[in-house]
Amino acid sequence: MSTDAEMAIYGKAAIYLRKPEKERIEAQSKPFDAKTACYVAHAKELYLKGTILSKDGGKVTVKVLDTQETVTVKEDDVTPMNPPKFDKIEDMAMMTHLNEASVLYNLKERYAAWMIYTYSGLFCATVNPYKWLPVYDQDVVAAYRGKKRMEAPPHIFSVSDNAYQSMLTDRENQSILITGESGAGKTVNTKRVIQYFATISVSGDKKKDTSKGSLEDQIIAANPLLEAYGNAKTVRNDNSSRFGKFIRIHFGTSGKLASADIETYLLEKSRVSFQLPDERGYHIFYQMMTNHKPELIEMTLITTNPYDFPMISQGQITVASIDDKEELVATDTAIDILGFVNEEKMGIYKLTGAVMHHGNMKFKQKQREEQAEPDGTEVADKIGYLLGLNSADMLKALCYPRVKVGNEFVTKGQTVPQVNNSVSALAKSIYERMFLWMVIRINQMLDTKQPRQFFIGVLDIAGFEIFDFNSMEQLCINFTNEKLQQFFNHHMFVLEQEEYKKEGIHWEFIDFGMDLAACIELIEKPMGIFSILEEECMFPKASDTTFKNKLYDQHLGKSNAFQKPKPAKGKAEAHFSLVHYAGTVDYNICGWLDKNKDPLNDSVIQLYQKSPVKLLALLYVPTGAEESGGGKKGGKKKGGSMQTVSSQFRENLGKLMTNLRSTHPHFVRCLIPNESKTPGLMENFLVIHQLRCNGVLEGIRICRKGFPSRILYADFKQRYKVLNASVIPEGQFIDNKKASEKLLGSIDVDHTQYKFGHTKVFFKAGLLGTLEEMRDEKLAALVTMTQALCRGFLMRREFVKMMERRQYNIRSFMNVKHWPWMKLYFKIKPLLKSAEAEKEMAQMKEDFAKCKEDLAKAEARKKELEEKMVSLLQEKNDLQLQVASESEGLVDAEERCEGLIKSKIQLEAKLKETSERLEDEEEINAELTAKKRKLEDECSELKKDIDDLELTLAKVEKEKHATENKV
């Protein structure tokens, strides 16, 4: 344990990393009774500290220390307490009594002292402090550099440095898996890992392009940009990563930074158009609307009020812990550091603005038809301007898309809901493709073409999520976490024990009950959830109901991991439940088929492909025309083998797991202390649930029982022979295993702490660290002795030379001592000094005169400059007055401009109103004209009837006269 003086190198961070010396001494001298000190189970607090008063059969009477009450409980509800010297212990594997209560209280007490990092056997646990702590400064980075795990307090920097040293020593790729539930602090710790590597392994070959940052700067700058476009506020986390990323940092043979690349997974694009009430969209939208960079408002035609854009204001619009103005500066600076050209930068902002405008497009139903038509073109004109499209063509493509039927294209009318869905899908598509393109460009910037030997991968995946409403995105996130937990379990429990068996170590296999195969197979096996979803996507008439029925027929009652949900009153509807390692989650399958097929309006896409905005056209390069540089994620496969979202996700996840299996993993477990994001508060039930699910206790147990450190015999002999070289004779062949046995047998260590396998020697936790310390001490002693011998040899040689020089000088002096000329020289020598003094005085007088002359010139020059300054100040004042008058004129012009814009808007509104009235009048006119025509027809028919009647009447009259004449 370090003294307070030794901890001084950590600066202000020291008190947040390790207990002070005084506290450690007090803990060791504190009275403690190992027989009576205990933890007792409690209904509200889970565990409380207590003292055993008596035992009677299977019952134990305990006095609770906090409340002083006496309780009688079962013997199984009482667990032993560790001595006070183990309070706030840095590695929980070192505890005398390992149990849930001890682990929980250790984490709780450390958290109360703001010591957020704690070792748990082979991995590191960290608790989210929900506040800034000064433990990541450059002083702390320097303090952890080159330190062994046990030489420094627990920290993410220590995990990073151990991975770096292991890479250099073992010549093997490493990975750091930072896992935990949503809001546990994974992203922050990922950034700290990147910061550490970028600092300690600075490449010697700095970039000479001053317009871009160095490789180290670019690696760090990638974070603000990706966070702006990929992070958002959720219920549990103000800065939640809504995508996964695997960052590979490549190193050269000497350990210098060579390059880096980023792989991203599963951006939650649905958040672009939908947010829950307590959540927020992606940060970039709100950053741009802060008006901190007014030119962005003007360029993208947006306003400063998020409520003007319904698509991004369905939930919260501000986050208390985030300053959007500062973040906008960080995002903009990151774009410059990463080397995006100005055209690309403007394209990014324009497309982001266009995405926001998509939510303002309105459509209405034509009278007496189901066909949709635009309800105003103002928003479409803005989108058309930003995307370089003709707004009329875009609206026509949205309302009347061309669809291929057989071998022909036909125009198909769309209803209002269909057009709205199409607009939303296009907005999400632009955003997602732009995000993936940015990742590709960042990777191009970070690829320096320097030779690279090894890499350290850092994984930051969205944490396990259980919301009131869980959809396909949550299933993908939770499935990823399930696979990572299985990887941890397999690496920690299965592979570890299999290696003992393979190496011939006597070991009884322990089943920790941590196999997650049931849930994983249910999701990914041939007739699992994803397979059924992909199958349903191939049937045109498939629906959410048919998908649900297939799931129930295939899995309900056949798999314990698949259950029928029982949502509480007031909760969102759910269609099935999955039993995950972190809890049972109810899923709602509404819209999964559309999400998985991810359909887009091809007519609009064709317009995008012809856009003069280069970035938009690049995002929608036609299939077959994509370059290899277009990235692995640049669009979908067309034709018979349509690639669905779920199949692409499974493919990417498979590649990630293959990558991880090829590395030596280091695990960091992030824990949420409470649901309310309150600093310093720890909810016992919440934390213990995470510890149980993550296998923290089991990991500590296998670390204590097993042999976590191992090394090949040849490597052990070569590295540790220095501890006692005499037991391995020189010039005589000896088997590596026998040499290792002899060497360990001759060293003063606990010989029960290691075992010999067939090819390796295995060590209990901590012993290899002890051997390293002994080796360092031995090497230090040998180096010191070598240095002393060398210095002694060099000084003896120097002493001989000094003696020779002294003897030579004395002999020379004795030869000339009585020489007359030498006597004369001794007499004249003092007189020479006085002559030289007079010469120096004359020179000084000359210099003084010159200085006076220079001073006069300087004063004259000063006076001249002061006069000039007065005239310049006068000129400056005149210019300021001129600028002020010009500004007033500009303000007047702007006011007139605003007045004209308002007049224009009012006139446009009147024009729109007049146009609508004109349409109504034309419709009425048409109706009246039709009625007129009808009446005219009726009138002509009546006239004809009258004429016929008149003829008939005349005829009758004639006949009447004829009859009368006859009579």
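Positions of Cβ are set from backbone N, Cα and C atoms, glycine also.
Check TrEMBL against the ranges 9-31, 147-169, 653-675, 745-767 and you find region 'Actin-binding' recorded for 653-675. Listed by sequence, the residues of this chain that lie at least six past the ends of the region 'Actin-binding' (653-675) yet keep a Cβ under 8 A from its Cβ atoms are 107, 111, 120, 122-128, 130, 156, 159, 162-163, 166, 170, 172-181, 183-186, 189, 236, 246, 263, 265, 457, 459, 463, 479-480, 483, 487-488, 491-492, 681-683, 686-687, 690-691, 694, 696. Within 10 Å of the C-beta atom of Ser182 (ATP binding site) sit 22 other C-beta atoms, taking all shown protein chains into account.
Sequence-distant contacts of Thr187 (ATP binding site), defined by Cβ-Cβ distance under 8 angstroms and a gap of at least six in the same chain, are Glu227, Asn231, Asn239, Ser240, Ser241, Asp460. Other Cβ atoms within 10 Å of the Cβ of Gly183 (ATP binding site), summed over all protein chains shown, number 22.
In sequence order, Asn128, Asn237, Ser240, Gly463, Cys670, Ile672 are the residues of the same chain, not among Gly180, Glu181, Ser182, Gly183, Ala184, Gly185, Lys186, Thr187, whose CB sits within 8 A of the CB centroid for the ATP site.
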